[in-house]
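Colleague: This structure is in structure tokens; I'll ask about it shortly.
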């Protein structure tokens, strides 16, 4: 038999005949079944054996998928006589298909053909050379005396370049998380060079890291809890109760449910849950796209009035700019107005008003996982308990979130004990599904902004804005408009560095407006929020469709919400304060 093309590896067929292969593919149950296995099945088995040792990434995944697909058919084949030596002749005489792996080849040959077809040595060499040149240039530039003498300008230029790389990540083919981390480290290197001493820079970095880590731990805990609840199909308890099929009524129901769901979950998760629901309620149409736009508006509005509903409000809450009850009382009405106005205007459009009949179901809903109701109750209870935990213990909010995660972890381990087929319902599997790169992006951005704060750049920017825009309401409103283009996380982080609590105390009008504007301003463009980006990908909506159909309504709601806040604030009117007298919530 001919030897394989790579090294001195022995053919898997030879190993099977000689008995030297001790850990065969799961698709191959015994030697006696090989004789009856069809050629495609056997090919898949052999390819998987070789692939599992020599290949990775997409090729490995594809080969394993094929092996899994064929395993069910191979396991049902009746056993016959063991494979005889003269069967080699049969396999050798079979023609091989171009581009596929025959029984006697290794998948290395096929993968090498694919690799050669896509390999562009000149392009890859130029890319590698460009990266190397950029690294060398950066190293030389950072060590240059000009950087130490012009620290502010160097840091500002680096931040602008880095943020441009984040904005145009798709065009440059660089992931924004990697760009953010690289930018953060580079900025702190420049800060250490320009600081009076390295010890001072290290002290500033330690302080910044402590603040940033609180947000990162909080997000990791919250995202894991939500993922566990979603794995158990817990949100079906909410979505299955939406029974109306009247177009106008459904518009309002979707908006209201998303608004309140997003006040507990983050706006991204709420959008994914509700858009998935729309696929089961409404056939593909212009009307369903419009409902998806409503989900984005409601998710961003709902996340703005609670400290756990949006990353930006969570940041402001953790750092003490806003408190729980005062924020909920002051921002509920503006947030509700910001979604009520678009809903009222959309109800008058032809896409909604022109529907003369009810909407039928599109598909059946999935079955809830065992004990899904229990996991839903405990998970949502853990999220709601976080502000109470902070008020009672005085400890940072991330400790309450980790407490809730620990309780849910133990609970899922207990209720699924011994159920090996339900490992995906447990926390370890959920940790592998959360958006870790998103958390690393936040880490890079927040560390980058903290370096600008340590260098004093943000204070200088605040003084400039105060001199040219003396009205703080206009500053906060402008932040919301800019957040439609630029991510609201760095905007709010920069604002927190520009103005401290001595400039504007906790729960002042400025901080509350920042929380509202940064949360809802991103709705004006589909790329302005994580909810909008998720909706754009799930429903295949393009930028200009959203601009034509939704942006105008979003701006109307945004402006109406600001007007509502100013009116309520000037009239000193707020929601009933019964909860404020509760002994366990003293101004949390």
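One-based numbering along the chain as shown.
Glycine is no exception: its Cβ is also placed from the backbone N, Cα and C atoms.
Nobody curates TrEMBL annotations by hand; they come from automatic prediction.
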Colleague: When you get a sec, could you say which of 65-97, 98-130 is annotated region 'Disordered' by TrEMBL?
Modeller: 65-97
Colleague: Using a Cβ-Cβ cut-off of under 8 Å, list the residues of the same chain that are 6+ residues beyond the ends of the transmembrane segment (290-308) and lie near it.
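Modeller: Residues 222, 250-251, 254-256, 258-264, 266-268, 270-271, 274-275, 278, 282, 314, 316-317, 322, 324, 327-328, 331-332, 334-336, 338-339, 342-343, 346, 349, 351-352, 383, 386-387, 397, 515-516, 518-520, 522-523, 526, 529, 531-532, 535, 538-539, 541, 546, 549-550, 553-554, 557, 561.
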Colleague: Under 8 Å, at least 3 Cβ pairs, sequence separation 6 or more: does that hold for the transmembrane segment (513-538) versus the transmembrane segment (249-278)?
Modeller: yes
Colleague: Would you mind listing the long-range same-chain contacts of the transmembrane segment (249-278), meaning Cβ under 8 Å and 6+ residues beyond its ends?
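Modeller: Hits for the transmembrane segment (249-278): 222-223, 226, 230, 235, 238-239, 242, 288, 290-292, 294-303, 305-306, 308-311, 335-336, 339, 343, 346-347, 352, 359, 380, 383-384, 519, 529-531, 534-535, 538-539.
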